[in-house]
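Feature list (source: TrEMBL):
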type: BINDING; residues: B:Asp474, B:Asp480, B:Glu483, B:Glu484; note: Mg(2+) binding site
type: DOMAIN; residues: B:42-160; note: domain 'TRNA-binding'
type: DOMAIN; residues: B:422-496; note: domain 'B5'
type: DOMAIN; residues: B:760-853; note: domain 'FDX-ACB'
Amino acid sequence: MSAPNKSYDPVEVEALKPEVIERMRDEALAAFAAAADLDRLQEAKTAHTGGTSPLALANREIGALPPQAKADAGKRVGMARGAVNKALAARQAELEAERDARVLVEEAVDVTLPHDRVPAGARHPLTTLSERIEDIFVAMGYAVAEGPEVEAEWFNFDALNIGPDHPARGEQDTFFVEGADAASDGGSAADSGVVLRTHTSPVQIRSLIDREPPVYVICPGRVYRTDELDATHTPVFHQVELLAVDEGLTMADLKGTLDHMVQELFGGEGMKTRLRPNFFPFTEPSAEMDMVCYVCRGESVGNPDRPCRTCSSEGWIELGGCGMVNPKVLTACGVDPEKYSGFAFGFGIERMLMFRHNVEDMRDMVEGDVRFTRPFGMEI
Amino acid sequence: MRVPLSWLREYVDLPATETGRDVQAKLVSAGLEVETVEQLGAGLKGPLVVGKVLTIEELEGFKKPIRFCTVDVGTANGTGEPQEIVCGARNFAVGDKVVVVLPGAVLPGGFAIAARKTYGKTSHGMICSGDELGMGDSTALGGDGIIVLPPEHEAGTDAVELLELVDEVLDIAVTPDRGYCLSMRGVARETATAYGLPLRDPALLDVPAPNSFGYPVRISDPAGCDRFTARTVTGLRPDARSPLWLLRRLQKAGMRPISLAVDITNYVMLELGQPLHAYDRSRVQGTIGVRRAEQGEKFTTLDGAKRVLDAEDLVITDDRGAIGLAGVMGGANTEIADTVVDAASGEAQGTTDVVIEAAHFDPVAVARTARRHKLSSEAARRFERGVDPQAASAAAQRTVDLLVLLAGGTAEAGVTEVIAPSAPHTITMPADHPDRVAGVAYGRETVVRRLQQVGCDVYGQDSLTVTVPSWRPDLAEINDLAEEVIRLEGYENLPSTLPKPPAGRGLSGRQRLHRRVGRALAGAGYVEAPTYPFVAEQVFDQLGLDADDPNRRVVKLVNPLSDEEPALRTTLLPGLLATLRRNDGRGSHDLALFETGLVFHPAAEGTALASAPPVDRRPTDEELAALDATLPEQPRHVAAVLTGAREQAGWWGKGRPSDWADAVEAARTVAREAGAELIVQQGQYGPWHPGRCAELSVYLESAEAADGSRGDIVPVGHAGELHPRVIKALGLPARTCAMELNLDVLAEAGEGVVRAPRISTFPVATQDVALVVDQDVPAAVVEAYLRDGAGELLEGIRLFDVFTGEQLGEGKKSLAYALRFRAADRTLTVEEASAARDAAVARAAETTGAVLRGA
């Protein structure tokens, strides 16, 4: 760089003449504009803003000028360089955007390609429906109670006021378990006192025996009856039973609890239950419970223009049995029937799955075909 | 119980406009399960008339015999001329009275009748069978062929009315507590109450007082038989037939007409609910008795079955021995004889004198006998559910009256009644008890009124003394009475309230674990498949279990659905593998299935129960323990099976077949959910490939375990590829893999509360090592020693390659590990990391013989 020269006439420095600087600037701008891609722009950048570019060289000359001329020239060169840099940045951004647009287009894929590398699994709808029902009652403060599937007759029958002569104890319904030593002595096989539980009610008995009232439990589980598998029967099926024992419980409480359940399970307006008198040994009074058909909400009754397949235009769907716990059952469990009363109900999960999800054949729920189960996913 | 509406109207003056559906709704609301309302003769339109067969011409030359008949139908055809009809049936003769449907009529099912040409003749109508008229079993009216009517009916009479073809029948499923509704009388009582109308009680009959000259009866077992009425009717005309009205009522009620005497006893049973038996008096010898059978006593019931009696069976006897199974079925030896017409003289021969039995038997005795001999009869059904003992003499009288009226018999004056004295049942109930059961304020007045409608006598104010009617033996406790009040007030009128349970604790840890395991496996691509627990014992051979394998000890069923599968599963594999095979057979070849469920191991021997605890108190803890000791062990297992591709081939590249490692990984997934550390070791167990079987175990804390020990190592299951022999025996796809774990043990092994790790933010130092070891050294062992040797600077270790090759030498493999080191308080130097690595390698070398590759 030259030393300051106070006598130097700026006009005499060719490179700092205004028109020259303007030309340098214009050349740079033109070069940037002409750069077709980022590589060209890089070359133009080096040529017009690099250390040896005309403007950079001109800038060096400024130091040699007298103070007044130095200011003028500095301002001129500075403005020119500012304009050049701005144009460069703009063009840079423009070309980068162009490049990005092009590359990203090139990288585009078909996002509709399937990706079933590991097909999804699923839980069985009988499991998830049972859990769904459990959750309704757990939210109300009930506990989920479980018990053995191979059960003592005392729990399955006697304690439930199903005496030794009750028809339900006949061979037509119950799977009897051979005694431990039946094989060796060949006899008394049927007298082992052990059966495959025919309902989840023995869990209610166990709950009443194990817990101090108040007892509020929901008992889901597998149960067994000697029915051959067909479109509407299965020897192995699932029940959910509920038991509430407390001071002052009434049939109105039973009705309200059932209403709450069907509202939670089927949602919406007008879901309710209906009780019809019936007989069960373990409840007195006893009732059969129906719920309003959740599809037609009763509007198909007497309305041939709008028939309902779900309820056969009956308006009601049969759910199961219920009633006030028979005081004899409380007594057998050591609960004072003078002080406590209770209600109970039970129904089959298979049946509910059938009408809630339009399952037409019981075998579909039993055979474990993955095509049936997969669509049900994780929850129901 | 099938209830014809026309019959019901005899006892209750129902409004003429009430339909069967209306009555159904009322009865359902009162607690009778009216399952269907059958519309008899729906769509039937006359003319349908009685005809007298005048001529029969047999038409020849057809494949089956055809008759061309002329029939007198009176003036029903408008001309009075004989009606020409072609008929294929043969069970009638000239002069017989038949049912003729004329052109223009419509039979049930929309079958329109018109004159039509057939077999070269024109048939102007049809001679009808019972089936065509929708009449049910018409054996007594001509059997399979056309109906032959009794001769007294005039030709031209309207047969729709004569045969009561148009009616409605309510079919009621009677619950065990409502035995009285197995009678018209009982259903009529409920109907009357439901409509608020008076009941004409058919049991209100004039009955002569018992006397000493009736048929002799001696009751040796008054507990089994507390009432026995015997009446004798003589001089019955053997040729007397049941009149049409009687036949039709029996048919509509679903009973088969048999003979007049039997039909009458059945009719009275349907009407009053009292089972009756008619003995041929000429075949009964001496005094009729009631006693228990002798053990092994032989007896032939009137269905022809020879039976060996039990000492508990209650029998009716005469001087020679048993003549009836009390309340269940009569004997062949005293059966009413079928009427036989003598061909030569035309005279009818048959029973002329009968003894009528109307008795009351112990419900339990009848139920046991019926079940013991697998002999369910209309009588037994009623006695089991409770018969009104007070109706016995009325029923006997009604039977006598009908025998006199319809069979021309003479009632003997002797009336035998043997009655064991008993007091009516009374119950004391607080007047507000029904209110407290229902949660509704009915008030005393309503309670009393409703109980009276049921037939109770009620006295008292705040405490009611209720005497229950003789036909309601089911009313035994105060809740039974509450039910009567509530059902008559209408279950549909109960309000809806919610109880307030105490605060709950949600699901138990085990319950939450079971859900997590299901979700985790489903999340890993497994589909849940609950299977039946029934297995054949041969399956244990197919699974390759040793002869002394504890899983061969099974719980067996006395009455399995299939004799092929009498046992309960001890492993989930048979069911799950069968499901896999079924899916594969249906074209799903890439499968991952799982199940959680109970398996069953027999209780120890000698745990049979001496006697069941009573039910009038809580069992003692000892009694409860004894009950539980009779039960098998029932742990919950989880199992998974795989076949085909674990990862599908696709546009992304190649797929990957499922293999043993996936099965082990499924086990790890379950263990992770349980919070248990799964110990995987090389193992050998029946169903699995001997070289590809992982034995799985966990640490379980035990009282005896030494301080600092992680507890006992307890086996929890196996995982891997199945044995080729098992795959062949069970017909599975090649290379099927499986795992099974005891979920209960796993749940116990859970570590509990997770302690948060300290996270160092200093940089990580990674070091890779490749170790050459003998083929049979398990990778898990090498890793364990590397960890042990590396010390606390080791943050993580990962096996990233396993390599075998000639350059390693025979029987060797190379295991390549990436080690990650990090200190909590400083950046590690290369020297520190290398020293830790060297210590790790040295430890592995000294314990497993590992040699650092490339060293």
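Note: Cβ is positioned from N, Cα and C throughout, glycine not excepted.
There are 29 other CB atoms within 10 A of the CB of B:Glu483 (Mg(2+) binding site), with all protein chains counted.
Predicted-model confidence for the domain 'FDX-ACB' (B:760-853) is 93, expressed as mean pLDDT. B:Asp480 (Mg(2+) binding site) is surrounded by 19 other CB atoms, counting those within 10 A of its CB over all protein chains shown.
The Cβ of B:Asp474 (Mg(2+) binding site) lies under 8 Å from the Cβ of B:Asp177, B:Arg178, B:Gly179, B:Gly386, B:Asp480, each on the same chain and at least six residues away in sequence. Within 10 Å of the C-beta of B:Glu484 (Mg(2+) binding site) we count 26 further C-beta atoms, all protein chains included. In the three-state DSSP reading, B:Asp480 (Mg(2+) binding site) counts as helix. Residues of the domain 'FDX-ACB' (B:760-853) grouped by DSSP class, helix first, strand second and coil last, total 37 helix, 32 strand, 25 coil.
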